[in-house]
Amino acid sequence: MSSFFIKKKVISAATNKGDLKRKSKTDDGKGRSKKFNKRRDEEISSDSENESAVPNRKQQENEDDEIEETPQEKKLRLAKLYLDQLREEEDKTAEQESFEADLIAGRLQEDVLEQKGKLQRLIAKELIAPDPAEIRLLRGHKLSVTCLVISPDEKYIFSASKDCSIIKWEVESGKKVHKIAGGRKGTEARHVGHTAHILCMAIASDGTYLASGDMNKLIMIWDPMTCKHLYTFKGHKDAVSGLAFRRGTHTLYSASHDRSIKVWSVDENAYVETLFGHQDVITGLDCLSRERCVTAGGRDRTVRVWKIAEESQLVFHGHEGSIDCIQLINEEHMITGGDDGSISIWTVNKKKPVSTVKQAHGSHGNTGLEQPHWVSSVAALHNSDIVASGSHNSAVQLWKCGQGFRGLEPLFSVPMAGFVNSLKFSNSGKFLVAGVGQEHRLGRWWRVKEAKNGLYIIPLKRQVQEQEVVQ
């Protein structure tokens, strides 16, 4: 029992001794602890210290608000941005594809209508009559201009004349680029070029070949870029009066006063075949992309459509006089003009004209003996509702075709002295070129002394309107 009490006293003494040590460490010598003093110092701090502490607390609160994002949150945010960008790109691509699809569909529809001969772009209502000061005259031929063609890129014009020469003009500057001089009669053996009146010209749709025909029964093939002579085709028995290349090919059709049509392969420098049918001299010829051509038969008063592959022809009647000029509007419709002063629109589905304007250029002569002005040239802007005609009444007349090519309405006339022997629209429809002379291209029945032999470039300006296409 005594040993138990001894152990208890030792433990209690040790405990008291530890308490005293802890008290001595925290006491400041005056019986107060350091913790108490620290609290007292904080309580009696100055007001300035309190004021400086307030902003520090606010800054700390703001820093706490701007919590730094974790790597997972950053990945999520970047993924959302990437998905938004992809969505925007997909929307833009879809819009572009839809736009392109609409363009392709529209183009395919136009191609189908063009092949069917039913395409008609309604642009006549947009045309504005040109200012006479904007019409340019290009002079270089000594005698009357008889025919002309425009290069597919619309940079050059080739014109031919009764002086047997061919001139290449630059459209933009109006300057003469090259001249193939005509030769005198009897110099055919040594002269490179024509030695008789040139009546017709044609240029391939890709600008590779230029063809010209003269009253010496010859067809000459030229390089349009260099104006170098390539071939000469012989075979017609009279003057060559019409030439046309089939679009997209180098097949050449020629018409002659010998009443025949001939087919040539220019690539192979070869004759293909001859077609007969007209009862009088052929005065004009034209063709587009189909394997067929159309001709005007002069005094036999017929228009003929030649189906080359089928070896057949369609015959149309309608003019009261000689049919002197012809031009295709599209694959199914054409316009003609003649010495009875009338212009007519035809379709291959009807034997008679669907529309005719008599005395289209007025008449001349004494009272009671009036005679209509001959229509010496016609032109059409392909697959549109615009056509033009020329005579010797000192004006070129532009016409608007009615819907479905039924009816002709005058748009405006362009003053021009002399015989308008040739008319051609540029492919884009930006300008019209007229070949003018003092005499008719096929003869010397009249002479207009005040006329100037040359080319007139007529700008065709349009109002800004949405283009319409009808079927």
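Every residue gets a Cβ built from N, Cα and C, even glycine.
Those TrEMBL annotations? Automatic predictions, nothing curated.
For 18-31, the entry in TrEMBL reads compositional bias 'Basic and acidic residues'.
According to TrEMBL, the feature region 'Disordered' maps to 16-72.
Over the repeat 'WD' (138-179), the average per-residue pLDDT in this prediction is 95. TrEMBL lists 138-179 (among others) with the feature repeat 'WD'.
Taken from TrEMBL, the feature repeat 'WD' applies to 191-223 (among others). Note on the repeat 'WD' (191-223): residues 146-153, 158, 160-162, 164-166, 180-185, 229-234, 236-245, 247-250, 252, 254, 256, 264, 266, 285, 441-442 of its chain, located 6 or more positions outside it, place their CB under 8 angstroms from a CB of the stretch.
Summarising the annotation, TrEMBL assigns repeat 'WD' to 233-274 (among others). Cβ atoms under 8 Å from those of the repeat 'WD' (233-274) belong to residues 199-206, 208-209, 211-221, 280-291, 293, 295, 306, 308 of the same chain, restricted to positions at least 6 beyond its ends.
Marked as repeat 'WD' by TrEMBL: 275-316 (among others). For the repeat 'WD' (275-316), the residues of the chain that approach it from at least six positions outside its boundaries are 115, 200, 238, 241-248, 253-263, 322-328, 330-331, 334, 336, 338, 346, 348, 350-353, 382, 442, judged by C-beta separation under 8 angstroms.
Per TrEMBL, the feature repeat 'WD' maps to 316-356 (among others).
Residues 193-203, 205-207, 210, 212, 214, 222, 224, 227, 418-419, 421-422, 424, 426-428, 430-431, 433, 435-441, 452-457 of the same chain lie 6 or more positions beyond the ends of the repeat 'WD' (138-179) yet place their CB under 8 Å from a CB of it.
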